[in-house]
Amino acid sequence: MEKWSLMTVTVLLALTVRWAVSLGSYSGAGKPPMYGDYEAQRHWQEITYNLPIRQWYFNTTDNNLLYWGLDYPPLTAYHSFVCAYIAKLINPDWVALHTSRGYESQPHKLFMRTTVFVADLLVYIPAVILYCFSLKETSAKKKASTCALCILLYPGLILIDHGHFQYPLSLGLALWAVLCLSHDWDLLGSVAFCLALNYKQMELYHSLPFFCYLLGKCFKKGLKGKGLVLLAKLAGTVLLSFAACWLPFGTDVEQIMQVLRRLFPIDRGLFEACMFSSPTHCPDKVANIWCSLSVLIKIKNVISPRTQLKLSFAVTFLSLLPACIKLTVQPSLRGFKFALVSCALSFFLFSFQVHEKSILLVSVPVCLIINEIPFMATWFLLVSTFSLLPLLLKDGLLLAYAVTTPAFLAVCLASFSILEKTSAEDLQLKAFSLSLKGYSSWFKSFPRIVRGLFLLSLSLMGGLSVLSAAVPPPQSLPDLFPVAVAVVSCLHFLLFLVYFNVVILWDSKNRGQKKMS
C-alpha cells in the first residue's frame, strides 16, 4: 500500500503541474488567419464530424487542405471524430462546418485542455507508472515513485502537450508497446506499436528498434522452430492491426494513395515540416544538422529537393545502422531501449522534414533509461526542452518554461544525485574506457571534466534563454537567438548521438544474458 501511496502523490503532483501549464496560452491563440496547432486539432474535429470519411484527406470545397488539412494517419482522424462527437453534444458551434473556423472561447479551451488530460490519464501516465514498477533496478518502494516523478515532470512533454497543445497518445501507445515487450508479450507489444504508428507517422523514428529487436528474438529462437512460429505470428499481428486501422479506406486504392501523399509530402523539401510558415511554426530553426548547416550553406539553393531526399535518407540510414545491427545480433531489453534513443536521435538530426517538436520522440525513450544513466538522461532532457524555446516563446509559455525546467533539474538532483554519478562506470563507459588502454589516465579526471561541461552547458542554455526572452535581436539579424538556440542544441545532440552509440556498441552486459526462451 505504501508504494501506491507514494505513486498517488507523484501522479497528483504531475497532474497539478499539467493543470497549471494548461491555464496559460496555447499555439496560435488570437493569431489569425492560421492560428496554430490548437486550431488544427479543433479543425480536424470539424472536418471528421461533418464530412464523410472519403473526403477527410481530399481537397474539396468543404475541406481546404491549405487550412490545416488532415495530415496524420487514420487513428488521429478517428480520435478527432470521437472528440468532435462529444463537443457537438456540449456546444454545436465548436465543430460547425466553416463557421467554427478559428473558434476561441474559455469553455472551448477548457474542453480541449480536458481532452488532453483524459488522454494523459488513460494512456500515457498509466504506462509510465507500470513501467517504473516493472524496473528491476527500482524494486524499492521509493525508487519506482522517484523514477515516475522524474519522467512525469519532464518539462518538454508537459509544455508541448498542455501548453502548445498536442495529444500524448502516440508516445503513450509506444510506451505501452515497450512495456509489453519487457514482459515478453510480443504480440500485444506489436499491436500497441502499430496503433502508435497509425496515430502519428513520426513513430517511424522508433520502428527500426522494434523491428530489429523482435527479429533478433526470432533468430535467437531459431528460424526452423519456435523462431519461425513467432515470426509468422508477429507478421500476422502487424497485418491485422494495420488492416483494422485502415479498413474504412481499404476499399479504394486512390483513398489509400491520397492518405499516404498527405502523410509523406516529400515535395515540400528538406526543411518544410509544414506546407506553410505560420506564426507558430518555424521549420528553418529546428535543432538538426540540416538547419544548422544552412546557417553556413544554403542547402535549399544548391541541392535539388530530390537530391536532398536521397542525401537525407543515406545519412540517416548510415547513422542508425550500427545500433540496429547490434540489436539484431544481440537482442536485449536494455539494448532495445538504448537503440530507441539512438535511432530516434538519428532520425531527428538527419531525416527529412523534421519539426522541432519531434525531439520528444527522442526524449521519451531517454526517460525510460533515466534510472540507468541519470546524469546523461537529465542533461539530454534539459537540452531537448531548451531546443523548444523559440516555439515556446511564440506560444507565450516563457513563464511555464522558466518554472518547470529548473524544477525538473532540482527533482533529478534530489532524486538521483546526478552530479555524483559522472564516473565512466556510472555513464556506462567502463568497457569503452578499458579499450583505450593508452588513455586510462585521462579517465581518472573524467568525472570532473564531465561535471564541468555540464555546468558550462547549463550556463550557456540559461544565458541564451534570458537573451531570447529579454533582449531584442539586431534588426539585421532578426533570427539571431532562434538560430543560436538551434545550433547550440544541435551540437549537444550530435555529441549525445556519439555517446549513445558508444554505450550500445561497447555494451558487454548483453553477452552474459541467458538465451531467450
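Every residue gets a Cβ built from N, Cα and C, even glycine.
It is 145-167, from the ranges 76-98, 145-167, that TrEMBL records as transmembrane segment.
With a cut-off of 8 Å between Cβ atoms, the residues of this chain six or more beyond the transmembrane segment (145-167) that come close are 3, 6-7, 9-11, 13-14, 17-19, 21-22, 24-27, 36-38, 41, 79, 112-113, 115-117, 119-120, 125, 128-129, 132, 135, 138, 280, 357, 359-360, 363-364, 367-368, 370-371, 378, 381, 384-385, 388, 391-392, 395, 397, 400-401, 404-405, 407-408, 411-412, 415-416. In terms of C-beta pairs under 8 Å, the stretch of 173-197, 335-352, 398-419 lying closest in packing to the transmembrane segment (483-506) is 335-352.
Residues of the same chain lying 6 or more positions beyond the ends of the transmembrane segment (335-352) and with a Cβ under 8 Å from any Cβ of it are 178, 181, 204-206, 208-209, 212-213, 266, 270, 288-290, 308-309, 312-313, 315-316, 319-320, 323-324, 326-327, 358-359, 361-362, 365-366, 368-369, 490, 493-494, 496-497, 500-501, 503-504, 507, 510. If one looks beyond the transmembrane segment (110-133) by at least 6 residues along the same chain, the residues whose Cβ comes under 8 Å of a Cβ in the stretch are 3, 7, 11, 14-15, 18-19, 22, 38, 41-42, 83, 86-87, 90, 94, 144-145, 147-148, 151-152, 161-162, 165-169, 171-173, 175-176, 178-179, 182, 367-368.
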